[in-house]
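According to Swiss-Prot:
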ACT_SITE  E347  active site, proton donor/acceptor
BINDING   F312, L313, I314, Q319, N320, S321, G322, H323, G324, R325  acetyl-CoA binding site
COMPBIAS  553-563  compositional bias 'Acidic residues'
REGION    522-570  region 'Disordered'
SITE      W244  site 'Interaction with histone H4 N-terminus'
Amino acid sequence: MALILERLYLLSSPRNAIIRNTRSEAGRELIFSFGLPSLSLPSCIASQYGKRRRLYFTTQLHVNSFLHWTCDANDAVNITLVQPDEQKLKTVSSFHPQFTYPIFGDDERIFGYKGLIIRLRFAAHDLRPQLHISYDEKFKPVEDIAAVDIPKTLKPWIPEDAFVTLPDYEKAVLEDKAAKDFKPPGKLVHCYVSRNRNFEIWAGSLADPEVRRLLDRAQIFVSLFIEAGTPLATDDPEWTLQRWTVYFVYEIVKPPTPTASKYSIVGYATTYRWWHYRRDRTQVPVVKNDPFPSGPEIHPSQLPSRLRIAQFLILPPHQNSGHGRHLYTAIHSACVQDPSVVELTVEDPNEAFDVLRDSADYHILRPEFIKHEVNINPDPYEAHSRNQRPRRVPTAALIPVKLLHDIRTSYKIDSTQFAHILEMFLLSQIPLKNRHAGGANMSRLLIKKHRAEDPNERRYYWWRMLTKQRLYKRSKDILIQLDLDERIQKLEETVSNVEEGYEVLLKEFSEREEKLKARGVVESPAATVSDDASAGPSGTSRDQRVKRKFTVEDDEDKVEEEDTAKRTKV
């Protein structure tokens with residue numbers, strides 16, 4: 001139905017209209033619902049008057065026509081990697097962003113265009129950018145109503161050299177004589193072959209101007225593909241930049257022309273060194289009143305640190321091909337080889353990255369666990385005290401605590417992450433028939449507990465107790481607020497969710513090993529991670545996520561989440 005609105009007054013009444021505001025950097029919207037199909041109009045065509053919230057429209061518009069001037073930003077933005085060909089640019093790959101809300105607002109809508117295409121071109125080797133905007137028709141300004149200024153909106157997100165004309169950009173890429181000799185900045189740290197294609201991983205300090213220039217060009221990918229991701233500030237003091245290391249993944253391709261580069265970007269990651277205080281307990285502290293000495297200059301790389309992965313991205317055309325595991329393994333190897341690094345951590349990982357990380361760490365630690373015959377002791381008590389009710393979990397009698405601590409510190413894995421991998425391995429050592437996934441009799445286990453006749457049933461019982469113990473310590477502040485019965489129920493539910501997630505990964509690992517045995521292929525532990533465990537936005541492994549988090553929700557939390565959540569974080 002076409003409505004012509006001319007100097008129309010609407011009274012904000014529950015019977016007449018319901019008004020809801022949504023905020024957006026590109027413009028706010030007022031959503032009207034008054035018995036007719038919902039209409040969406042920009043707030044710039046309405047003005048509010050008085051306490052009665054009367055809306056006064058100053059122009060005539062066909063509302064149905066007006067809605068045709070908005071488009072989905074995710075569909076409008078098109079990212080293209082290009083290489084020089086004989087006469088024109090050759091498209092290597094083209095894809096759309098996963099998110100655009102940091103740039104165009106929470107609604108991810110752009111007003112004022114029909115047939116809009118925002119094409120972001122990047123040279124495949126050095127990411128030289130170019131912004132090109134095309135459309136079929138643009139909204140003509142009516143008073144203060146105008147189409148979104150796209151170049152102005154994108155200016156804070158892309159380098160200045162992206163605002164060149166398409167002919168100038170094509171000429172610059174086609175005539176780039178330096179492309180033939182291009183090498184990624186930094187040093188080569190890892191090479192590998194995947195699906196008969198060659199790849200390299202390069203690492204360099206952010207204090208290097210070439211690394212910084214390449215990262216500046218890639219920064220917009222953070223906002224387009226990493227949920228709640230924040231671009232790095234590359235204008236910090238040099239001593240801060242020295243704490244950052246950037247890893248670039250490149251594919252070695254056949255150059256389309258003699259002057260073209262053989263490198264094509266696949267993804268990148270950034271790591272940051274956090275200072276770690278390690279108290280020297282071998283010496284007794286002594287107070288000295290001597291003047292403060294002016295010692296030699298200390299470089300950040302010489303200080304004890306925790307290495308934290310801040311950003312980790314494989315571009316969509318290369319996801320689900322195993323590049324994420326190779327990149328993570330390269331970072332972990334550098335961490336182990338650096339004597340100043342205490343452990344490797346990850347900044348706010350999503351569940352997709354958790355899958356990749358669990359897969360990589362499991363295959364790194366599994367040979368070490370097997371070597372030392374790590375398993376749960378089914379009889380932690382003496383024979384005469386087995387019938388007594390235990391007052392606490394005998395952790396030291398169940399697993400070799402000192403040995404596991406030494407393994408963790410030697411591989412520099414975060415304590416929480418190490419606990420996940422250990423639980424997964426210990427679960428794999430229990431026969432499937434004695435686990436819940438294999439049809440174990442849980443009722444009998446709850447009755448028999450550690451007094452069960454089968455040692456594997458006792459191992460499974462103690463595995464659940466060890467996992468509950470870790471979950472309770474981690475979520476103690478939440479659990480102590482619950483009644484005892486509800487506390488026990490929440491722990492049981494969470495342990496079952498954790499076990500279910502482990503079973504998914506263990507099944508995937510087992511199937512992969514069977515395929516490799518059938519093909520007669522022997523791979524190194526770091527290379528046996530599933531190719532599907534990339535940190536991308538989609539894939540089989542992300543459809544069956546590892547369930548780790550312990551949450552307690554009430555009705556108010558659910559209502560608030562439904563009202564405020566734009567999208568589910570992954």
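Each Cβ is built from the backbone N, Cα and C atoms, and glycine gets one as well.
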Mind telling me which of the recorded positions I314, N320, G322, G324, E347 has the densest Cβ neighbourhood, counting other Cβ atoms within 10 Å?
G324
For each of the recorded positions (W244, F312), count the other CB atoms lying within 10 A of its CB, then report the residue with the highest count.
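In terms of Cβ crowding, the pick is F312.
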Would you mind pulling the DSSP three-state label for I314 (acetyl-CoA binding site)?
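DSSP assigns I314 (acetyl-CoA binding site) to strand.
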Reduce the DSSP letter at G324 (acetyl-CoA binding site) to three states and note it down.
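It is helical.
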Just give me the nearest neighbour of E347 (active site, proton donor/acceptor) among the recorded positions W244, F312, N320, G322, Cα to Cα.
F312
Check W244 (site 'Interaction with histone H4 N-terminus') against DSSP and tell me helix, strand or coil, would you?
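Strand, per DSSP.
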